[in-house]
Amino acid sequence: MEGAHEKLLHLTFEEVEGSETCENAKTSSLESSKFILWFQIFIFTIFVLAGQVVGTLLGRVYYEQGGNSRWIATLAQTAGFPILLPFICYPSSKNHNEQEELSVQQPSIFVRASVYIFLGLFQVANSMLFTLGVQHLPASTYSLVSGSQLAFNALTSFLLNGQKITPIILNSIVLLSFSSSAIIFQNETGVRGEVSHKSLLIGFTAATFGSLGYALQFSLTELAFQKVFKSGTLKVVMKMSFFIGFFVTIASLTGLFASGNWRDLDKEMGEYRSGYVINLVCTAISWQLYAVGSIGLVFKASSLFSNVIINLGTSVVLIFAMVFLKDRMTGLKVLSLLLGLWGYASYIYQHYLDDVEAKAGEVKSLADDDEFYISRI
């Protein structure tokens with residue numbers, strides 16, 4: 001009887017050791033997956049920040065050097081989609097694709113095309129508003145106004161994606177709203193001279209509605225990933241960026257020829273001071289990097305996280321605009337910038353609290369498993 005008890009006890013200890021080994025392997029695998037995830041998020045973040053800074057500044061340069069076609073400026077924001085062809089055509093691992101196809105039922109071509117076309121046309125309207133805002137506002141002012149996109153996205157994410165709104169996130173929304181609104185009460189000066197209240201109001205209105213539109217678009221994109229594109233591969237990010245860019249480019253070309261603005265292109269190129277083609281090509285590549293990065297962040301994190309990084313980019317643009325475009329920094333802009341940074345810090349703090357809570361839950365789960373096995377000894 002005693003030998004049987006010792007044998008049972010020995011087997012139980014072996015079971016506990018086996019469970020600990022299994023838990024260690026599971027923890028190691030989890031940490032590895034988290035590292036890969038955050039590395040991908042880091043790469044997408046770099047794409048967003050670099051593309052946003054270069055694209056915004058080149059958009060200002062386009063107008064200051066003699067460009068005046070909003071359709072061309074809008075077209076330049078999406079015409080860089082062909083650079084994604086090698087990534088889309090490059091074959092992925094067959095085993096990985098087979099697992100995805102078995103575990104996830106792919107949507108029909110009609111459903112995918114409908115999503116691409118809808119998001120593409122929606123982006124055309126947003127891009128036109130974005131272009132109008134850049135045309136009528138200094139780059140630093142536009143960057144601060146566009147910070148309201150995060151506040152709008154918090155609301156659309158709550159309504160469409162189930163994003164929780166905590167008091168800390170609400171605090172960031174209020175701060176960012178004040179940050180983007182305070183600057184309409186001053187005149188702006190720059191290389192084009194003083195900007196009138198009328199022009200400032202037009203730019204402010206366009207930038208605000210553009211921010212609202214982009215916020216809604218990001219939430220709809222996340223909803224598409226949740227309900228339609230359920231594959232876990234990064235190629236779906238490239239495909240979405242490519243096809244949205246394709247349909248937006250077609251719509252922009254249609255608007256360019258329908259409006260008759262294409263007849264003025266020769267004149268515009270002749271009057272442009274220098275680097276017309278180079279400006280448009282670099283602008284297209286920059287905004288394509290931005291598009292891939294922003295959609296990638298929606299795919300790997302959330303639309304709200306993506307907009308947090310975009311909002312961070314507005315502060316980076318502000319600095320580069322002062323250095324390269326000689327934008328003037330006023331006291332009201334400093335206050336607006338500080339409120340924006342405070343709002344951004346509030347969101348990051350909430351993300352930190354969520355991460356701590358998640359780790360505490362994992363530790364509690366492991367502790368409960370250990371207590372379960374020990375109770376059986």
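Every residue, even glycine, has its Cβ placed from backbone N, Cα and C.
According to TrEMBL:
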type	residues	note
TRANSMEM	35-59	transmembrane segment
TRANSMEM	113-134	transmembrane segment
TRANSMEM	168-187	transmembrane segment
TRANSMEM	199-220	transmembrane segment
TRANSMEM	240-262	transmembrane segment
TRANSMEM	274-298	transmembrane segment
TRANSMEM	304-325	transmembrane segment
TRANSMEM	332-349	transmembrane segment
Interface present between the transmembrane segment (113-134) and the transmembrane segment (199-220) (three or more C-beta pairs under 8 A): yes
Candidates 35-59, 240-262, 332-349; stretch with most C-beta pairs under 8 Å toward the transmembrane segment (113-134): 240-262
